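Enquirer: Residues annotated as compositional bias 'Gly residues' in TrEMBL: 1-11. Positions annotated as region 'Disordered' by TrEMBL: 1-23. Annotation source TrEMBL lists transmembrane segment at 436-458, 495-516, 522-542, 554-572, 617-645, 651-671, 724-750, 757-775, 787-810, 831-856, 1037-1055.
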Amino acid sequence: MDGSMAGGNGGPQEAVRGMRDSGSEVGKASLADTVAEAVAQSENSTRAATVSTSLAAVVTLEDDLRYFPETLVSLLRQTVLPSEIFLAYCGQVHISHIASGSCRNIMVPAHGGTVKIRVIPVKAGSFIAAVDGALNYARDNGIISNRVRQLLLLHDDSRPVGEQYIESLTEAQRNNPSASVIGTKQMGWDGETLHNAGYYAAPGHRVNSLVVDGEQDQEQYDSRSDVFAVSLSGALVDMDVWLHASDGNYPFGTFGQSRDFCRRVCLGGGRVIIAPQVKTAHLRARFEGMRTQKGQPAGHGSGAPVPSYGAQAKARDTYYYSDISVIRWPLSWFWKWLGSFILFAKLLGRKQVYQACVEMCAPWRDLGNIFTMISARMRVASHSRVSARDLSLLSVSRDRVKSWNDRVRAFSDEGSNTVLDPLAKAHLRTRKRIRYTWATIMAAVMLAVGLAVNFGILRAAFTGSVLSSVSLTPSGATFGQLARSATSYWSYASGLGAHAAPAPFSLVLLIMSLVTLGHVEYAPTVIILLTAPCAALSFWALAGTVTRSNAVRITAGCAWAAGGMFMGFYSLGNLPLLVSSVFLPASVAFTLKALGMYRTEKPERPAPSAQNGACAALCFMAAALCEPQLMIVWAVSCAAFALFARSHKSYLLLIPVPALAALLPTVIDVIRYWDKGAWRQIFMDVNTASPAAAGSSSATSLLSQMSALFGPGHFTGGGAVSAAVLWAAVIGFAVVAVLSVVSLFLPIVLRASRMMWSLMLGGALAAVLSSRVTIAVDAGGYSKGSVMPGLMVILLGMLACACMAAGTGVKTFTAFSRRITSEGTVESAAVLNPAVLAGRGVIAVILALCSAAWVWSGFTAPAAPGRIAASQNQLPAVVQDYLASNPARRVLAVDASVAQDLTYHSMATSRGDILDINPSIQAQSVSYRLGQKVSPSVQAAEDTGRKISFALSLLIAGASSSAVDQLSSLGFGGIYIVHTAEDDSAQLISHLIASNGTESVVSTAQGTYIRFSVDDTNTHGISLSQETRYSRSPWRYAWIAVMAVTLIIYCIVAFPRRNRYSQEQA
């Protein structure tokens, strides 16, 4: 119970932890029945025991009585028994039985006397308070004998080891009459492993037992006698010393009481010794997380441990501050505040996230606990009669503490790694080599397939051309412009700029531009060409969490990448979905690993991991930045994941934190302008919003959307062969869907299959919602949100369930390849079910055929115009030089191919830039065109757009100097008119040249640039005051700081520590 005094990590108590469920029936029994049963079990031994009238025992109880019967039975089987046993009950469940008197007074006959067992209800929040409450009640009611001079203190989860326990303690007391407190050696519940054998005063105002928690007891510490502190659980305490030292309100919690009590005894001139030959089996239920702070069983039978590190840290700091003078507290607090950052980083590196957060918050918690610490300091000062320097024999040096730390580290490293024999290690190495060989082959094949799907653009891509499509807008921005756009609250997506949240995908593009050495225009090309192998490897990792069959994993990875080709991600250059197809499966795979729900090769065992949780969070952040609507999917599936996860469910709440930190401007913008339609940006990305790329113009059901996707009208070319392949692709989807349904009825994957189905339901919900949200309004009608992100999640869940249907696929490890049966025949040691192997092979073949059909369909999809192609279109060099010389300069690009549908764009770079697509502004622009209210900034941008449209309409009608002056006054330095095949732009060019204040500069086959005549070209341009204002906004710096700190923390946790984890992780 006072486990915070332990110097090392808590030793493994696997056998004891199994009692959480086995002892549940004991916890449900009444206290009267529990006591009566314990008395009956020890009846024979108690009749032969001697009763000591000078000794009384106090056992503290709570509502959790799972371990109390063993403690009481062990106590009653002693050769020497206390005359009084007080059961200090601090709970509420059994209070009615106590009030009725059914178990308050029990007389147990013994040799030469009688043992009185009395149950006393007390209200206490700590061990010492419970003991004091019971003793005060007994003294006030005269039920404790005046002969009692010694107290034996026990927790309900600390039982005496051996029948001579009390006899040995009383003998130690007779041999050391000056001892005020006699402690015992604290053992594990099995009585074999050590927790501590007394404590010494250590540097830094701490105590240290110099015992490695969890090591075997080989009597190596039996020479100890005088110590600075002992655990009060199982200790024999002088009655007068107890009444004097424990009087008044006690400022310490349960974890810090023993060390503080013994410290005041030593400083008051008393003596604390250890009787190492006496052993107490102490479960430390609260310290080990088996019991809540309120005394309830942890997890109510689920076995989930309750973290106690926060209470331990609080007791540690209270002890520290109470050990030094108050005048030193400010400086000590400052150093502890600085040290909290070091501890935070150190614990994060050890993947101890909860402990790291506790240490970071500890200095600020101490400020709120200052009055408690003052009270503790006053009690220590009032009891001090001896200087701490006079207790040097009870102290240890830094060298001994350092040596102890080395032993703790060595013991921890030995215990954290699975000990495998050479044959098992060779087996795992062989499986690992085979696994990664097939993964490398799969990645190479999918790289070639990905290049083949876009074979027509390979030459242009490798010669430096940029790519564009109906949904992909190229970029001509510099890396600095991209960095400002990705982190600034000002966007030029409408008019001449407006206050808006940055486009989330800009952060992904910013990171990818680092791969291309700052060349932003080539980042989309790299994404398109490398997605196929990366996506296949990502799903290969996810499939490995549910099956270890190499054939199923390889074909499932290929099927996932091929599914993206089938849905047009590659042919349209859909960057957000391409990036999501890489990181989303990895995120799900790491989530399952974080929860410890994954398959491993035998003899390895899965284990929960904070490192995998951090990796899942970082991968999900990348996917959410590409498609914010995936946050809806996570919100839906998180509840199901928490329901079906066995332990470490808190990791699920930490996974979306980096995504929320990166999406913080978007989240705030949605909340702030919810009534102005800002919520639409949840279903938007950086794809060009048009009916051809963003969705249909009418809201339909999910089945209708899927029918439109898989329908023959969505594909082209190839005649009968392509039609047959198309039908094979559709049938492949149907077969995978059937396999996903079958997985629901397999007991071995009951939890995992339901988790994947919850993921699919989340994807279906996102698809349905997106198909009913208008994200753009143009001359072609209303553009609805894309259903592709939701369908992608559905495909992911279906393929994962199909892998589950294939079975575990674990290759059984046996030390001997042959064995002799009972009949004397020799057979293979690893016998596999032929039906299981055949079924797994069939699933692998089905996935391989689906991959081939979907890849073939990717060659011919989609039928609509706008397939990705190389683009050389850009502004003339003279215009690029003009724009590059001053960031305030702008050129108006106009497409007048259709007189009734003139389009324009404000150019700041050489191309119509992907940076100028902003979902935040686009969402409110939809509301503006639907006649709804928008924010003042967007309203001003729309008004500016109307001015530009009006000026261009005047120029279409004829020469207009006022229109030129108006455009020039807005900051434009000229107009670039795009040439088309119809050459309908000649009329606009002639009207511009005929207007005053213009001159034709350059004319090429792609377009004509007409410059405006201005007085001072050096100062002419748009106003950058608002951009500068928002770039210096403290909110921008705060968001960048929050995002940076969050990413640093998660990257530290995600960084692997190979010596802490087994080699079986892939």
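Cβ atoms are placed via backbone N, Cα and C, with glycine included.
Show me how these features fit into the shown structure, please.
Expert: Residues 467, 528-533, 535-537, 540, 550, 553-554, 557-558, 561-562, 565, 570-571, 855, 858-859, 868-870, 1066 of the same chain, all 6+ positions outside the transmembrane segment (436-458), place their C-beta atoms under 8 angstroms from a C-beta of that stretch.
Non-local neighbours of the transmembrane segment (617-645) in the same chain are 504-505, 507-508, 575-577, 579-580, 582-584, 586-587, 590-591, 595, 597, 652-659, 661-663, 666, 681-685, 751-752, 754-755, 757-759, 761-763, 765-766, 769-770, 785, 789-790, 793, 919, 1047, 1050-1051, 1054; each lies 6+ residues outside the stretch with a CB under 8 Å from one of its CB atoms.
Residues of the same chain lying 6 or more positions beyond the ends of the transmembrane segment (724-750) and with a Cβ under 8 Å from any Cβ of it are 546, 559, 566, 710, 712, 715, 718, 756-757, 760, 797-799, 801-802, 804-805, 807-808, 843, 846-847, 849-850, 853-854, 856-857.
Listed by sequence, the residues of this chain that lie at least six past the ends of the transmembrane segment (757-775) yet keep a Cβ under 8 A from its Cβ atoms are 588, 629-630, 632-637, 639-641, 680, 683-684, 689, 694-696, 699-702, 705, 740, 744, 782-787, 789-794, 796-798, 801, 922-923, 926, 930.
Long-range contacts of the transmembrane segment (1037-1055) within the same chain, counting only residues at least 6 positions beyond its ends with a Cβ under 8 Å from a Cβ of the stretch, are 345, 348-349, 351, 353, 487, 610-611, 613-615, 617-618, 657-658, 661-662, 664-665.
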Enquirer: Rank 495-516, 554-572, 651-671, 787-810 by Cβ pairs under 8 Å to the transmembrane segment (831-856) and hand me the top one.
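Expert: The stretch I would name here is 554-572.
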